[in-house]
Amino acid sequence: MSAGKRTAILISGRGSNMLSLLEAARAPGYPAQITLVLSNRPDAAGLARARETGIATCALDHKAFPDREAFEQAMDAALVEAGIELVCLAGFMRVLTPWFVRRWEGRMINIHPSLLPLFRGTRTHEQALEAGMRVHGCTVHFVVSELDAGPIIAQACVPVHPDDDPAALAARVLVEEHRVYPQALAEVASGRAVLHEGRCVFRDA
Ligand SMILES: Nc1nc2c(c(=O)[nH]1)N[C@@H](CN(C=O)c1ccc(C(=O)N[C@@H](CCC(=O)O)C(=O)O)cc1)CN2
Ligand SMILES: NCC(=O)N[C@@H]1O[C@H](COP(=O)([O-])[O-])[C@@H](O)[C@H]1O
């Protein structure tokens, strides 16, 4: 049995979704193997958490590069050097240029803390509360150049409670992120979910 698709996780912060993906990938037969954690922030707390697990890490400070393209070329080189086949964005807070997206389109997914296409961008939990939503949630999608607009692979819903503040709602959504992201990665890594003609298509693997 193959060891699974060589997968990199890109982070900018604490890395809780990274940890849930790492844990899921330890299961026998899981179709992806996490072989690299890369961050645009050398001080990202998730890097230290990744190193504790023994996984290879790479810190590329985006501010050390003259422009976005130079940073992305270095990131791409690190991924290619590591033999990466799939990329998971997990709290990676850089908008990727069309150049990088074209390099990885169909092999790069992201988790977003809202039920897309509702509430793209940032402050998603505040937006949901301001809109008076009774349900909220998270979305795993293929990454395309347009921000948070890629074809949806999986979603999970949570109830919005009357006394919710953004932090309470975020915490409830995060539990579902940790459940649905590993499921979505398995769908993509196994070939069951594919990006085809701008849509997410489910095939018998
Ligand atoms: N081309 C794409 N790039 C990225 C996507 C995408 O769908 N297409 N998803 C995002 C993740 N994301 C929300 O899910 C997101 C990340 C970053 C930003 C943003 O405004 N970043 C700023 C810098 C912010 C910072 O450094 O703190 C920027 O890049 O200038 C918005 C949404 C990942 N990239
Ligand atoms: N626009 C991207 C975005 O907002 N992503 C969100 O950042 C958090 C990262 O947490 P983590 O580092 O603990 O996984 C997660 O809630 C993820 O959905």
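Count begins at 1; order follows the chain as displayed.
Every residue, even glycine, has its Cβ placed from backbone N, Cα and C.
What TrEMBL says about a protein is an automatic prediction, not a curated fact.
What TrEMBL says about this one:
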DOMAIN    5-185  domain 'Formyl transferase N-terminal'
BINDING   Gly15, Ser16, Asn17  N(1)-(5-phospho-beta-D-ribosyl)glycinamide binding site
BINDING   Arg68, Asn110  (6R)-10-formyltetrahydrofolate binding site
ACT_SITE  His112  active site, proton donor
SITE      Asp148  site 'Raises pKa of active site His'
Cβ within 8 Å of the mean position of the Cβ atoms of Gly15, Ser16, Asn17: remaining residues of the chain near N(1)-(5-phospho-beta-D-ribosyl)glycinamide: Ile11, Gly13, Arg14, Met18, Leu19, Ser20, Gly46, Arg49, Ala90, Gly91, His178
Predicted model, mean pLDDT over the domain 'Formyl transferase N-terminal' (5-185): 98
Candidates near ligand 2 among the recorded positions Asn17, Asn110, Asp148, judged by a Cβ under 6 angstroms: Asn17
Spatial neighbour of Arg68 ((6R)-10-formyltetrahydrofolate binding site) that is closest, considering only the recorded positions Gly15, Ser16, Asn17, Asp148 and their CA atoms: Asp148
Densest Cβ neighbourhood among Arg68, His112 (recorded positions), 10 Å radius: His112
Residues near Asn17 (N(1)-(5-phospho-beta-D-ribosyl)glycinamide binding site) in space but at least six apart in sequence (CB under 8 A): Ile9, Ala90, Gly91, Ile111, Glu177, His178, Tyr181
Listed binding-site residues adjacent to ligand 1, that is, members of Gly15, Ser16, Asn17, Arg68 whose C-beta is under 6 A away: none
Secondary structure of Gly15 (N(1)-(5-phospho-beta-D-ribosyl)glycinamide binding site) (DSSP, helix/strand/coil): coil
Integer Cα-Cα distance in angstrom, the residue listed as 'active site, proton donor' to Ser16 (N(1)-(5-phospho-beta-D-ribosyl)glycinamide binding site): 13
